[in-house]
Amino acid sequence: MARLLQASCLLSLLLAGFVPQSRGQEKSKMDCHGGMSSTIYEYGALTIDGEEYIPFKQYAGKYVLFVNVASYUGLTGQYIELNALQEELAPFGLVILGFPCNQFGKQEPGENSEILPTLKYVRPGGGFVPNFQLFEKGDVNGEKEQKFYTFLKNSCPPTSELLGTSDRLFWEPMKVHDIRWNFEKFLVGPDGTPIMRWHHRTTVSNVKMDILSYMRRQAALGVKRK
């Protein structure tokens, strides 16, 4: 009887979308396609206060980590880790860019003007201020997705076979390369081409190790060419 009750509870959680998908259906990281004819430098975005349009070509020569963020997500704590990552790897040429989005569980419901105060006083709270650039809230999937996210998604295979629970995903049409949840990450290289894509549940510490490993390989190749 106890086992039956336990199984019933687990099924209810699965149907509600609170239990993670099988690890066999997802990968922590995917390498992006090579030989892309265009780069991220063809795009740009408005800062979260709406006062400045930043062309991404401004980051030429840098490694750029694109992250779709949300203030009321179970992964919002990653903000603190991303701050640490930005501080630690900035000397090696890493720039983190955050893009608030409300398409996953409606977990970024506020206006642009409310996002920074929410981060400071609510989640993560404790006076938290991101040390990386945040941009205006927008879509990363669907009919109104931002064009640079179309480019990133088409450049890199998805990390999971399944999109997730449809009643918690708010866009149409749904496509195989779509972002699965808040805090999915894309790394773009110094030449503007996408390199890696990470599953949202991949820890920031693992993302850091992957980035450092790639940087070391590139540095070694540079030495060999000399």
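The backbone N, Cα and C atoms fix where each Cβ goes, glycine too.
Per Swiss-Prot, the features are as follows:
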{"type": "SIGNAL", "residues": "1-24", "note": "signal peptide"}
{"type": "ACT_SITE", "residues": "Unk73", "note": "active site"}
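Sequence-distant neighbours of Unk73 (active site) (same chain, six or more apart, CB under 8 Å from its CB) are Phe104, Gly105, Gln107, Trp181, Asn182, Phe183, listed in sequence order. In the three-state DSSP reading, the residue listed as 'active site' counts as coil.
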